Structures are given as structure tokens and as C-alpha cells.
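Engineer: The following feature annotations were taken from TrEMBL:
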DOMAIN    1-254  domain 'G-protein coupled receptors family 1 profile'
TRANSMEM  17-40  transmembrane segment
TRANSMEM  60-79  transmembrane segment
TRANSMEM  100-122  transmembrane segment
TRANSMEM  142-167  transmembrane segment
TRANSMEM  198-217  transmembrane segment
TRANSMEM  233-254  transmembrane segment
Amino acid sequence: CTVIFTRLATRDLHKPISILFCNLAVSDLFTSFSGFWISMLFITNPDITIFGSRDMLAPYALYTTSILSTIYNLVSIGIERYLAVAESMRARFRLARTHSIAVVLVSWVLAFFLGCLPLMGWNCLHAEQNISVLYSPFCVNYLVLVTMPNVVLAFLVPLFTYLRIIIILRKRKLRMQACGQATGTYKSAETQVARTSISIWLLALVSYAPFLAGVIFDATNQRCHTDLYPSVYIFRNCTAMLITITCLGNPLLYTLRAKLRAPRCLSAQRPRACAI
């Protein structure tokens, strides 16, 4: 909430990337809210969170929607940062506020569509063969379809974009050294980008890899709920806690710490801002 209010109240932050940051905070807020909803259901009636019930469809659907929206936002931010750095791409395409708003709308529409499929009928309330053991009454094939491609997307796209950003900064620093120009500012920017990029990728890895492992276990498991209780459900709760930690870490990485300001690189003709 602090990130959202700060972004809305500060005029200097009304930029395309700030719209993505603010939307990421909204996604994290929904994730925390839906996780709190599931926790209250566990406190009041723990059996329905283990054996499944119609009452779990709505909170699980909201939880899935918010996680998907967070993943799409992380991917969008990585792509936007890459477009801001790559000169060849920046010459052909400049991200405007309308583009950011369109990305936000598309990500939410896609997240709501995929997240609400169980509410539209794709659930296993009346089918025992394909029911999820960890996330009843979701179906295993639905979890596999939604989880695997999106988690892989969350791993690979930020890894590619931030590695490309580091490589571009390294090449520009070497080019400046060849021209005999000072590179202290660029070296500092490169180090800051590298540390932040690694932190972003590791946070996504630590947060979503256990969840993906749980879904894979769920898809290959043939035992019933009582045989897995309580160790597997403790692991499931730990994965939810890791995702909640991501909601706390995103504002720190993307808003408070990751202020990647542009160093000035002098060209032969005029100063040029290299937005990172």
C-alpha cells in the first residue's frame, strides 16, 4: 500500500515503468489478501483446506489470479528495462504510458481468465480421479497447465533480459575505455544492475521453485490425503509463505532499492542518457 500511495502521490514517478511498479504492488496486495483469506479458512475449518470444498474455489482462484498477475508484471518490467537499455530496440520502439496501461490490462485479463477457470467449471468437486491432493478441489491437469509454463516464464525471461542488460553495459564500458573516457560511473551502474538483477532472479527462484515442485509431486502422486498428512501439507504451507515473502521483497527490489539511474555517457557529438 505504501508503494501504491507513493507512486500515485509523486508526479516525478508517473512514468511508464512506474505504472508497472504500481501494478506489481497491486498484484502483491491481492496475493497477500487471498493468502490471508485462505489462512482464515484454515483456522476456522482446517479440513476443507486439506480435503477440499466448494468454499475453497473462490480464494484459490483469487490466489492463482494474483500470482499470475505478479509473474506477468515481473516479466513486463524485465522487458521494459531491456528496451530502455538496448539502443537498437529503443530507436524502433519507445515505451509510452499507453503501452504500459495496455500491458497492465492484458496481464490482468489473462490472469483472471486462467485463474477463474475453476469457477467456470474446470474443477474436481465431483470427480475423484484427477483431483489435486495439495490444492483440492482443483484438478491436477489444470494446475499443470497453469503452473509449469508460467513459472518457466518467470525464470527464463527475467534471466535473459537482465543478462542482456549487463552485457550491454559491459560493452558500453569497454567502448568508453577504448575512447579514453572515465568509466567510474558506468562501473558503479553495472555493479548495481548486476546485484539487483541477481537478487530479482534469486527471489523468483526461491519463491516459485518449491511451488512448482509441489505441483509436480501432486501430478505424480497416487496416494490419498490421509497418507500424506501432515508433512506434505506443511511443505505446501511453506511454499505459500515463500510466495508471501516475494510480495514483501518486490517493493524493496523494484521501488526502494532498485533505483537504477542513468549514467551519462559522452558520445563524440553530444551527451546521451543511457536509461537503465
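Just so you know, glycine gets a Cβ as well, placed from its N, Cα and C.
Keep in mind it's a predicted model, so treat the numbers as computed, not measured.
Map these features onto the structure and tell me what's around them.
Structural biologist: Averaged across the domain 'G-protein coupled receptors family 1 profile' (1-254), pLDDT for the predicted model comes to 81.
Proximity of distant same-chain residues to the transmembrane segment (17-40), defined by a Cβ-Cβ separation under 8 Å and at least 6 residues beyond the stretch ends, is recorded for 1, 3-4, 7-8, 49, 56, 59-60, 62-63, 65-67, 69-70, 73-74, 76-77, 80-81, 84, 95, 97, 100-101, 103-104, 107, 240, 243-244, 246-248, 250-251, 254-255.
Non-local neighbours of the transmembrane segment (100-122) in the same chain are 16-17, 19-20, 23, 57-58, 60-66, 68-69, 72-73, 76, 80, 137-139, 142, 146; each lies 6+ residues outside the stretch with a CB under 8 Å from one of its CB atoms.
Under 8 Å from some Cβ of the transmembrane segment (198-217) lie the Cβ atoms of residues 71, 74, 78, 134, 143-144, 147-148, 151, 154-155, 158-159, 162, 232, 235-236, 238-239, 242-243, 245-246, 249-250, 253-254, 258, all in the same chain and six or more residues away from its ends.
Within the chain carrying the transmembrane segment (233-254), a Cβ under 8 angstroms from the stretch's Cβ atoms is held by residues 2-3, 21, 24-25, 28-29, 31-32, 35, 38, 50, 67, 70, 74, 77, 134-135, 196, 199-200, 203-204, 206-208, 210-211, 214, all 6 or more beyond its ends.
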